[in-house]
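Listed in TrEMBL:
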- 12-37: transmembrane segment (TRANSMEM)
- 43-61: transmembrane segment (TRANSMEM)
- 48-81: repeat 'TPR' (REPEAT)
- 82-115: repeat 'TPR' (REPEAT)
- 186-219: repeat 'TPR' (REPEAT)
- 220-253: repeat 'TPR' (REPEAT)
Amino acid sequence: MVSKKVLEEDPYHLAALPVHISSLVMLNMTNVVFYVAHQLMNAYPSTAVAWYTAGCYYYMIKKYEHARRFFHKALSFDTCFAPAWVAYGHAFAQHDESDQALAAYRTASRLFPGCQLPWLFIGMEYVRTNSLQLAQQCLECARTLMPSDPRVFNEKLGVVAYHKRNYEEAVQLLRRAISLCSSPDEAMHTNLGHALLKCEQHGVALEAFRNAQRLDPKSSSALAGVAFALHLQGKLDEAIDFYHRALSLERNDAFCAEMLNYAVMEALDNNMDTFT
């Protein structure tokens, strides 16, 4: 991690801290973020980066209301601190408060005029609220700023195309996202699997879901995708096993529970036919 090396040489290099903290968040290093936040709050209690780091910790443990308070405090020290505006937007989005999230992301886009991330997040929020035309415009803007960002293709040009029922285009965009990604991503393979199912490419879809499962064995969505692809291929025993595995991780998955019932009934019907 480049930021870590910079801070090892100069622990007081505050300009490197936002990148360092954001990297720790992406790597899900919660304990390290807590430690750094504690150190910064003691050493620099009147700086935006200290409060931002504390907010990131609360965001990581899913205490979004607390996170918002800390991000707001960070912005009271520095209204131009763009990372806090982005994080502020994320915290609002987690509570389905789209208007506030979009306002925060737009502020970040003005502070980071050459960065694709605010536009990506605006587009993602529009996808979440099913404003697909606006989402596509924002994501195209993000792609213009950073044509090689795999997240733009996955999240959501591919997803926008999927929601618009342009399934073949979605497959192409999602494959492009995977090819651009330096480290494999479970969600991209899962999204690709669903798009391939819509194209009735069940075997290739199963392969995509299995790739997602290998990347994250505890992903209920990947396991459900494997189950559904197997189900569509008539491999009922395997499908039932994977439906159970998915439901053990996400008990409230209504689709998975319903499809499990169908698979069990189909298996029983097949067994009855065998004995008659």
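For all residues, glycine too, the Cβ spot is worked out from N, Cα and C.
Listed by sequence, the residues of this chain that lie at least six past the ends of the transmembrane segment (43-61) yet keep a Cβ under 8 A from its Cβ atoms are 14, 17-18, 21-22, 24-25, 28, 30, 33-34, 36-37, 67-71, 73-75, 77-78, 81, 83-84, 87, 90-91, 94.
The DSSP breakdown of the repeat 'TPR' (48-81) into helical (H, G, I), extended (E, B) and coil residues amounts to 27 helix, 0 strand, 7 coil.
When pLDDT values are averaged over the repeat 'TPR' (48-81), the model yields 96.
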